[in-house]
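J.: In case it's useful when we look at the structure, here is the feature table from Swiss-Prot:
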type     : residues               : note
REGION   : 1-55                   : region 'Disordered'
MOD_RES  : Ala2                   : N-acetylalanine
MOD_RES  : Ser8                   : phosphoserine
COMPBIAS : 15-28                  : compositional bias 'Acidic residues'
COMPBIAS : 33-55                  : compositional bias 'Gly residues'
REGION   : 163-217                : region 'Disordered'
MOD_RES  : Ser168                 : phosphoserine
MOD_RES  : Ser171                 : phosphoserine
COMPBIAS : 172-187                : compositional bias 'Acidic residues'
DOMAIN   : 258-393                : domain 'MPN'
MOTIF    : 335-348                : motif 'JAMM motif'
BINDING  : His335, His337, Asp348 : Zn(2+) binding site
Amino acid sequence: MAAPESLSPGATAEEAPEEDEDDAEAEDPERGTGSGGRSGSLGGSGGGTAGPGMALGGALTRRAVTLRVLLKDELLEPGEGVLSIYYLGRKFTGDLQLDGRIVWQETGQVFNSPSAWATHCKKLVNPAKKSGCGWASVKYKGQKLDKYKAAWLRRHQLHMPVATADESPTSEGEEEELLLEEEEEDVLAGVSSEDKGHRPPGKGSLEPEATPPGKRMDKVPVPIRYCMLGSRDSARNPHTLVEVTSFAAINKFQPFNVAVSSNVLFLLDFHCHLTRSEVVGYLGGRWDINNQMLTVLRAFPCRSRLGDTDTAATVEEEIYQVLFLRGLSLVGWYHSHPHSPAVPSLQDIDAQMEYQLRLQGSSNGFQPCLALLCSPYYSGNPGPESKICPFWVMPPPEQRPSDYGIPMDVEMAYVQDSFLTNDVLQEMVMLAEFYKGAPDLVKFQEAWSPEHTYLDKLKMSLASRTPKDQGMCHVLEQVCSVLKQGS
């Protein structure tokens, strides 16, 4: 699909569609007009600026309320990054200048009005977009601009009913779109429709409510659907989470079968529980090309920090040696989202696509690469058990090569091992020692819930992945004891 044609900010009526805000700039009472100006629009005569009585007498409409007017009356203050637009998963940030113009931070383009900027940005994401309410789409320090316009009108046009002043200047057909955009913003902010319905009534203030002292307000990212992504965009947040798609939903069959050992999930889950930071590891197994069966037999935790490239190289070399000695192949990788949903981010999707191509190599035969994503502490998990998401990335359609890869949900067969192997127990001991005393180590003696500690939570999650033979449970208790002491 061809890139949308570049728009000249504020140059055409299309960029300020519903309010003709560029015309409103000319009507701006704070800018003044010459003898040939449009003073008649303010109810005056001749070339002078309309007096206060005329301006407040009702002739001054919403169209004449510009950013410059709000700045002059100190409802807004100029600043860098104070303006923002959220649209279909994209965030745009702008600077508000002293003269009321908007500078888009990404390109430095200057726009004369909120509608000009909003329409330009939305067309970049959705070329079919024709118009939109700029004052309802653009936010100033987190609050929609139309609220500031309504506040100005209430201040200066006292005869106007409050309900009328609060109405957004939306044209016919735009209300539904604005509702959809608001729903999307709530999704990106992690606000459900149920939470939205239980919000307390507004206080009438234009300033965001302060966070209570000492209370941490973390916004949990909420995944978006793949169809909302569109073409690849470097300005998009790489940590945007994307829902996985089932093969059935696109009328395709999963191209390979997967069987995973319970010991793999046991060790993986244990590793991901240890720290509040993201962890990474590799998966070893075998690929049976005749039966199209991928069997995952071993997990290899990386006992290194994500930023420690020197240690990571040494650890990876050790893992490759063990794989070779055991006659196993590298068949995938795993990592954690400690407090976020177990779905991949855009960064994860690109990484998985790269790993798939690496494992494929120059051979013509197909060899899959599996990704496992574990979320141990996400508040949306239904219980104490970690959520583990297996996924694989399908390349984008040939006609849309610039799109992101499609994260596909992979069905796995679970194979319960007979016992915990010494390799697994040894890895658990080494992991406990590696994270011992680390600042991001989970404090296992603290409360995870009113009834259970974090150590209880770990044990309950591992219980679903234990082998048939429970004879090694005393060793597991020893490992858990080490964790409790170390945290």
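Cβ from N, Cα, C; glycine included.
Walk me through where these features lie, including what they touch and how far apart they are.
T.: Model confidence over the domain 'MPN' (258-393) is summarised by a mean pLDDT of 93.
Beyond the motif 'JAMM motif' (335-348), the same-chain residues lying 6 or more positions past its ends with a Cβ under 8 Å from any Cβ of the stretch are 218, 220-223, 229, 236-244, 271-272, 275-281, 371, 373-380, 386-389, 391, 404, 407.
In this view, Asp348 (Zn(2+) binding site) is surrounded by 21 other Cβ atoms within 10 Å of its Cβ, with every protein chain counted. Secondary structure at Asp348 (Zn(2+) binding site), taken from DSSP and collapsed to helix, strand or coil, is helix.
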J.: Run through the domain 'MPN' (258-393) and tell me, per DSSP, how many residues are helix, strand and coil.
T.: 44 helix, 45 strand, 47 coil
J.: Of His335, His337, which of the binding-site residues has the most Cβ neighbours inside 10 Å?
T.: His337
J.: I want the residues beyond His335, His337, Asp348 whose C-beta is within 8 angstroms of the mean position of the Zn(2+) site's C-beta atoms, in chain order.
T.: Glu278, Ser336, Pro344, Ser345, Leu373
